[in-house]
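Novice: What TrEMBL lists as domain 'Cobalamin-independent methionine synthase MetE N-terminal' is 18-261, 285-406. If you look up TrEMBL, you'll see 524-846 marked as domain 'Cobalamin-independent methionine synthase MetE C-terminal/archaeal'. According to TrEMBL, the feature L-homocysteine binding site maps to Ile529, Gly530, Ser531, Glu582, Asp697. According to TrEMBL, the Zn(2+) binding site annotation covers His739, Cys741, Glu763, Cys824. If you look up TrEMBL, you'll see His792 marked as active site, proton donor.
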Amino acid sequence: MTDTTAPDSPRPDFPHATALGYPRIGRRRELKRALESYWAGTTTADDLERTSRELRLATVRRLVELGLDPGTGAVPNSFSRYDQVLDVTATLGAIPARFGHLAASSAAESVAGASTGDRAGLAPTGSATGISTEAYFALARGTADQPPLELTKWFDTNYHYLVPEIGPETPIGFADDRIVREFTEAARPSDGGTPVVTRPVVVGPVTYLLLSKPEDGAPEDFSPLSRLDDVVAAYRELLAALAAAGAPWVQLDEPALVSDLIGVPFDGPTGPGQDRNEPESAPRTVSDAVRRAYATLTAPEAGAGRPQILVAAPFGDLRRESGDRLELLAGTDVEAIALDLVRGTAPSSRPAVQDAADGGPGNAARGAGLAVPGLASKTLVAGVIDGHNIWRADLAARLDLLESLRGTGAGAIAVGTSTSLLHVPHDVADEPRLDPALAGWLAFADQKVGEVVTLARGLREGRAAVEPQLAEATAAVTGRADAAGVVVPAVRDRLARLSDGDFARAPYADRAAAQRTRLDLPPLPTTTIGSFPQTTEIRTTRAAWTRGDLTDADYEARIREEIARVVALQEELGLDVLVHGEPERNDMVQYFAERLAGFATTVHGWVQSYGSRCVRPPILWGDVSRPEPITVPWATYAASLTEKPVKGMLTGPVTILAWSFVRDDQPLADTANQVALALRDEVADLETAGIAIVQVDEAALRELLPLDAAAQPAYLDWSVRSFRLTTSGAAPSTQIHTHLCYSEFGDIVGAIDDLDADVTSVEAARSRMEIVPGLASAGYARGIGPGVWDIHSPRVPSDGQVSDLLKLAVAEIDPRLVWVNPDCGLKTRGYEETTASLTNLVAAAREVRASL
Ligand code: GLN
Ligand code: ZN
């Protein structure tokens with residue numbers, strides 16, 4: 001690799017190979033157990049710190065074992081006890097005023113006035129400077145009188161971060177040096193193990209503020225971005241402390257640069273440079289904020305006192321038709337930039353790395369001419385290994401891509417992952433139950449680090465040096481393409497024969513009339529979203545059956561018993577449309593994945609969702625079909641117990657895709673339609689069995705919305721079509737419901753209308769029906785069930801509170817369209833609050849009904 005730094009500079013080059021981050025929950029979810037026992041009070045804060053230190057050291061040493069350089073900052077130091085955004089909040093001491101008492105108590109623990117030098121001089125395991133463990137977790141989990149910081153999705157992943165609350169007066173400084181301590185802990189380990197010079201990974205200052213929300217009570221026009229200078233000043237202190245501790249590199253993650261969903265324009269009407277003329281004003285655009293932040297962080301007087309900076313922009317394409325964001329970063333004085341070369345510009349397009357390999361259009365191909373001003377003095381960390389999905393890469397093709405990048409403009413090329421590996425499980429070797437062929441097609445975090453190391457070696461020493469690894473990877477990719485089940489002609493033929501008629505139902509007016517006759521429901525019909533509380537008994541029963549400790553017959557008898565109980569309860573409560581309660585489902589996606597051909601599930605494939613919560617996404621590897629009916633026996637059993645209509649309950653194709661690892665060898669649209677056809681058969685079988693209402697949940701429709709605005713229309717088109725393909729075979733008299741699980745969909749109201757469901761339920765209790773006027777003014781004129789009970793808390797709403805919400809709804813929208821239901825499913829609730837809340841819900845519906 002060529003030297004990119006000035007000839008007289010003693011500063012070390014960026015390492016040849018790296019990953020942008022690594023899973024932190026532990027191979028056997030050690031962190032989860034440590035956290036949960038600490039929260040339960042059975043272990044202490046010191047125990048938690050000890051376990052997490054062991055985990056951190058084991059992780060950095062594992063990364064060295066896998067081939068990352070131990071001495072140059074190649075190993076990412078990306079641990080977090082809970083969340084990387086919360087870690088910045090803690091580092092800055094940015095504790096919202098509503099947690100004021102915590103600020104006071106944590107200040108007592110900090111070493112007031114400690115200079116940067118003192119901090120850097122901490123002993124290896126350090127005397128803690130900063131906010132207390134108690135305060136940290138109070139922000140994450142709430143206190144007796146304060147709800148926690150809000151959880152929100154991290155870009156287009158299924159990870160959730162804690163939203164900072166920033167106001168004009170929020171304290172912001174360099175308040176906690178944990179990041180420095182965790183660097184030192186690995187570099188000068190107290191356990192006598194191998195020292196590793198890591199690269200601290202920190203959410204960048206611009207992304208941090210763009211993800212923040214104004215603190216409650218902040219002035220109407222306050223923008224967290226106006227605190228940029230304070231935040232950057234604190235980062236400068238952090239960087240100085242890291243430099244003093246010996247860190248050669250630091251990674252600042254700025255994924256906000258690739259997102260059009262953050263509410264701040266990338267470039268303002270006044271164009272670039274505005275802030276240079278108005279240094280006092282707050283930045284109004286992302287590009288202004290980036291220029292300003294990185295000018296300060298790299299200002300010469302800071303030069304000696306900081307590590308070299310890698311800015312990473314994962315999750316998307318920096319080279320947009322709407323503006324070249326790479327040019328913006330290249331114009332700063334940071335030493336290295338990490339590009340995500342895996343993401344195409346639309347989820348429906350093939351991955352850019354493949355397009356580039358085929359010579360097609362893709363960001364990598366467009367990026368091949370990297371004649372971007374400023375880039376010649378920087379290292380480009382080429383993210384060619386997918387950190388977001390689990391497929392083994394075609395290494396020969398990726399090496400071609402890397403070679404094509406060399407000499408096109410960047411000062412040097414290093415090899416990296418496209419994103420942090422946080423979003424994939426640890427190790428394929430931990431999955432003894434996977435079909436060996438399938439296992440051979442997969443790369444989890446450890447395998448991906450190996451891929452990066454191989455590519456870096458190939459790039460440096462020539463292809464011959466890694467020929468066996470390339471050949472093995474090519475064989476795996478070819479083997480996968482040819483394997484039985486990957487392409488199933490019957491599935492392909494059925495897809496090819498689809499015509500527009502397969503995506504459309506009869507006009508709504510005709511359907512509404514037929515459904516009125518068939519269902520004969522009262523105005524403001526009451527129903528639930530599907531699941532009833534999952535008691536310990538139900539979970540134990542399912543687990544025993546999965547283990548083989550319970551016969552199929554016994555299992556079925558117990559589930560039937562539960563369904564009968566739930567149906568009887570709903571009749572007693574007086575609900576109008578009943579459900580079977582979903583006791584047989586572990587998870588709304590996994591349940592279907594386990595019963596459809598084309599999917600596999602893992603044993604240890606856990607991925608952090610938030611805090612200690614992990615999910616095990618199924619792997620969608622082949623063409624999808626339905627070997628036999630999935631939900632029909634349970635739904636028909638429930639229906640046989642009552643005169644009232646029982647809703648059939650399915651998870652929609654987009655949600656199934658969103659919460660699985662999905663094959664990357666064909667457009668997502670095709671995969672979605674395969675799932676849709678399997679579900680369409682299920683809808684037909686439910687109809688044949690006499691079920692009059694079928695609900696198809698699309699909890700993740702908004703979640704998959706591309707970060708790149710230019711890619712959104714194509715996404716909305718295929719996602720809506722897959723829903724319609726699922727449901728449009730239904731007769732006019734069959735009522736199709738959908739449940740969307742969230743209410744922030746101002747930007748996709750049109751798409752929701754295009755789903756053409758007869759009834760749509762959404763979350764609305766917390767926002768006090770805010771969604772309803774928006775829907776009404778957008779012309780939505782089919783059934784709507786805005787949630788009247790916030791099921792996220794055990795609080796029981798009174799009938800007065802429910803009827804107030806209902807009155808808000810019927811004032812805005814034709815009362816004949818309004819349904820009465822909770823915000824979401826009840827599986828996490830207990831029976832006590834469920835019974836009380838549903839009693840009030842039914843009473844409120846009756847009251848408002850009477851007043852119509
Ligand atoms: N039908 C599902 C349930 O009630 C819906 C869950 C969801 O929206 N997340 O549990
Ligand atoms: Zn929901």
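For all residues, glycine too, the Cβ spot is worked out from N, Cα and C.
Remember, TrEMBL labels are computer predictions, not curated facts.
Describe each of these features in terms of where it is and what it packs against.
Specialist: Within the model, the domain 'Cobalamin-independent methionine synthase MetE N-terminal' (285-406) carries an average pLDDT of 80.
According to its DSSP assignment, Ile529 (L-homocysteine binding site) is coil.
A strand conformation is recorded for His739 (Zn(2+) binding site) in the three-state DSSP classification. Sequence-distant neighbours of His739 (Zn(2+) binding site) (same chain, six or more apart, CB under 8 Å from its CB) are Ile529, Gly530, Gln695, Asp697, Glu698, Ala699, Thr760, Ser761, Val762, Cys824, listed in sequence order.
Cβ environment of His792 (active site, proton donor): Arg766, Asp823, Cys824 lie under 8 Å away, each six or more residues apart in the same chain.
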Novice: Any of the recorded positions Gly530, Ser531, Asp697, Cys741, His792, Cys824 with a C-beta atom under 6 A from ligand 2? Give them in order, or none.
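Specialist: Correct list: Cys741, Cys824.
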Novice: Using a 10 Å radius around each Cβ and counting other Cβ atoms from all shown chains, which of the binding-site residues Cys741, Cys824 yields the largest count?
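Specialist: Output for this query is Cys824.
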Novice: Can you give me the Cα-Cα distance between Glu582 (L-homocysteine binding site) and Cys741 (Zn(2+) binding site) in Å, rounded to a whole number?
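Specialist: Here the two Cα atoms lie 17 Å apart.
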Novice: Around the L-homocysteine site formed by Ile529, Gly530, Ser531, Glu582, Asp697, list the extra residues of the same chain whose Cβ is within 8 Å of the site's Cβ centroid.
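Specialist: Surrounding the site, in chain order, are Thr528, Val579, Met588, Met649, Gln695, His739, Cys824, Gly825, Lys827.
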